[in-house]
Amino acid sequence: MRVLGIESSCDETGVALYDTERGLLGQALFSQIDMHAAYGGVVPELASRDHVRRLLPLVRQVLSEAGCGPEQVDGVAFTAGPGLAGALLVGAGVGRSLAYGWGVPAVAVHHMEGHLLAPLLEEDGPAFPFVALLVSGGHSLLLEARALGDYRPLGESVDDAAGEAFDKVAKMMGLGYPGGPRVAALAEKGQAGRFRFPRPMTDRPGLDMSFSGLKTFTLNTINDLGGAEALSDQDRADIALAFQDAVVDTLVIKCRRAMEQTGGERLVVAGGVSANRALREKLDAAMAKRGVRVFYPGLAYCTDNGAMIAYAGALRLVAGEHSGLPIAVRPRWPLAELAPLPA
Ligand code: ATP
Ligand code: MG
Ligand code: FE
């Protein structure tokens, strides 16, 4: 079965074609980052309008690169939530309509299920059940994935998401958006030990997380040095390293606890922050000690992309799930509301 996947939940337009026999046949991604940069963040109305401009040309490009005509597409998957309402409506409207026009089924995909399943696109990906840490721009979640659609929440951030904290710290130091990769690059040049940031919510039991206090701690550190303008390159690098170490250690501690609590042997880490090299190194080391294997998406599939939506949609279509004709999106949609598919 060949499934066209469409992602448009925020500021990336992603399209991909996934074949359940042959794997990924083609994909294309357009990032609107440059367009929103001037405003210091994503402007929802601009995002929707740009998805309108990009989507059909990207669909044509992916089909042509895959050497496929529309008659060779067996289903269409689109992100139906969570995300920006207008942006979601563009992808859902185009996806649902293409499926109708081509006479094939459509399926609505949960964006976070897309992230969650992205490591399964890799060769030798994990089998269910597994524990997952989803760390992205809008979510920090720990859950137990027992089967497709069967996700038991274990913990979540009570305030900012991990990626959001990276973005805000980057903004404080004038590094631009998205902050994750820039803070990570700066941290490479940082001196360990100059600053020590707290590891929030690790001194008491539980799997919930909090990252907003770290952001305040970072701001206070910057102000103690005379404010953002007074920082030297070395100051910035040292702060980036201290901040990243704190986030990474916190996530490692929470993952260790989650594996202890569930007795699981496989850990999936996905979402934009899973691209972070320091996180991967420390987590791999900590989990290897426990005999737990960690699975990540390929670096290109950590942040938003069409491939993860095509893949999640393909699994659901193969299991017999179809979405009806109405074009519906859910800007707010807890992952735990998904249900296991009927056997
Ligand atoms: P959500 O998936 O929760 O709706 P989103 O789609 O905006 O949010 P993603 O595309 O999964 O989030 O990830 C983007 C986030 O990942 C940004 O916050 C970005 O700063 C962060 N990020 C990307 N690369 C890295 C990195 N190397 N280190 C740390 N953070 C990173
Ligand atoms: Mg994005
Ligand atoms: Fe995302």
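Glycine too: its Cβ is placed from the backbone N, Cα and C atoms.
Per TrEMBL, Fe cation binding site is recorded for His111, His115, Asp304. Annotation source TrEMBL lists substrate binding site at Leu134, Val135, Ser136, Gly137, Gly138, Asp167, Gly180, Asn276. Summarising the annotation, TrEMBL assigns domain 'Gcp-like' to 24-311.
There are 26 other Cβ atoms within 10 Å of the Cβ belonging to Asp304 (Fe cation binding site).
Closeness to ligand 1 is met by Ser136, these being the binding-site residues among Leu134, Val135, Ser136 whose Cβ falls under 6 Å from the molecule. Counting every protein chain shown, the number of other Cβ atoms lying within 10 Å of the Cβ of Gly138 (substrate binding site) is 18.
The Cβ of Val135 (substrate binding site) has 30 other Cβ atoms within 10 Å, all protein chains considered. Note: the Cα of Asp167 (substrate binding site) and the Cα of Asp304 (Fe cation binding site) are spaced 16 Å from each other. Ranking the binding-site residues Gly137, Gly180 by how many other Cβ atoms lie within 10 angstroms of each Cβ puts Gly137 at the bottom. Packing around His115 (Fe cation binding site) is summarised by its Cβ count: 30 other Cβ atoms lie within 10 angstroms of its Cβ, all protein chains included.
Secondary structure at Leu134 (substrate binding site), as computed by DSSP, is strand. Contact annotation for binding-site residues (Val135, Ser136, Asp304) versus ligand 3: Ser136, Asp304, each with CB under 6 Å from a ligand atom. Long-range C-beta contacts of His111 (Fe cation binding site), restricted to its own chain and to partners at least six residues apart, with a cutoff below 8 Å, comprise Glu7, Ser9, Thr79, Gly81, Pro82, Gly83, Asp304, Ile309.
For Ser136 (substrate binding site), other Cβ atoms within 10 Å of its Cβ number 24. The residues near the Fe cation site, meaning same-chain residues not in His111, His115, Asp304 whose C-beta sits within 8 angstroms of the mean position of the site's C-beta atoms, are Glu7, Ser9, Thr79, Met112, Gly114, Ser136, Gly271, Thr303, Asn305, Met308, Ile309, in sequence order.
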